[in-house]
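Taking it in order: structure first as structure tokens, then the write-up.
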Amino acid sequence: DPVRLVGGASRCAGSLEVKHIEWRPVSEKGQYQTFPDWTLKDADVICRYLDCGSAVATGSRTLDSGIFVWRIISDCLHSGSALLDCVSTSDYSSSILEITCSDLLLQPIISVSPTMDGVSEAQQQGFQVLRGSSFTISCSVQPQYPGGSFQLTFTSSNTTYNYTQPAVNHSADFLFPAADPAHQGHYSCVYGVYVFSHNFSSENSLFSLTVTDLQLKPIISVYSTMDGVSAAQQQGFQVLRGSNFTISCSVQPQYPGGSFQLTFTSSNTSYNYTQPAVSHSADFLFPAADPAHQGNYSCVYGVYVFSHNFSSESRLLSLTVTGPDENPPDKTPYRTGSIIAPVVLLVALLLGVIIIFFILKASRGQRSGPQENTELSYYNPSFSREPAEEEGAQGAE
């Protein structure tokens, strides 16, 4: 831009300089030709051009020696002509023009800080405060002018509040002892100071604040001492009947102490089991799984902080109990094969014994045949000599 204010507390206050071929300050009056003094109306054109609001003061600064300056025609400024077209001539002067615009103050800075880690940044220009926690909203500004005050402005859907404190070392702290949903809304800091016989103020951009309960959710898990747990489906588990299993509740470290409540619900009953949180966790042991243990489980973590009780609940975990005879289908072929194999082996052994028996019997029959024939041939002569006795014996028989 060919126009600037320099040497002041901000870009909206200082000596007016114009770049017309080169940068030079602007004369309050011409040395050789009398020009009227700059008015607030004339200075308004400069302040608006610089996006610095409106003019609140004009003045002059006297230099130790004369320098080359520009002169600007006042009527030209209000004609709508370009600013550089209104530069009339160069001059030599020791008196230069100074302008103070309404937006001369730097924007204040707003921040939120907790007394016990109860604040988290949720999004751009937004913060979350834990319900019941103490928090402080601080307003500050870069050193520019001494004194002044800060006004903390709060607006919500149905109310507006203003809190005012003097600026001490260019800052002020607004303490809120216990966060409450009523504190949800938008906050801004307005810095005000009296200088150049005028009151100036500057406001920062709005930021939002929300009040929430305990954010961290506990984690629920289940495991068995004898591999009796299997994942059945998403967020569901199967436990083998009679096996030991443990349901664990845990939470990320945030506050010391607290307790866990294991909640069990089924179609016809509901139970609660409570244990203190040791190292931010608790284990609930079930010695023998039973169909009565089937249902939904969840962990509820509770802790007392900031003079309030906070609680947070985990997701639901469904659990079913299966019996020993309720094996998965992929194990059925293994059980059938284990029964058939011994039967087949027994039949094979029996057939082997029968075959060996008949083989041995056949071999004995072959050996005994020739001996009987030999004996018959040996005794044949005697039988021929005693035919009567043989016939008598046959008759007796």
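Even glycines carry a Cβ here, placed using N, Cα and C.
Source: prediction; values computed, not measured.
Record features, source TrEMBL:
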DOMAIN    3-112  domain 'SRCR'
DISULFID  Cys76-Cys86  disulfide bond
DOMAIN    218-318  domain 'Ig-like'
TRANSMEM  339-360  transmembrane segment
REGION    367-397  region 'Disordered'
COMPBIAS  367-383  compositional bias 'Polar residues'
COMPBIAS  388-397  compositional bias 'Acidic residues'
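For Cys86 (disulfide bond), other Cβ atoms within 10 Å of its Cβ number 20. Cys76 (disulfide bond) is surrounded by 16 other CB atoms, counting those within 10 A of its CB over all protein chains shown. In the predicted model, the domain 'Ig-like' (218-318) shows an average pLDDT of 86.
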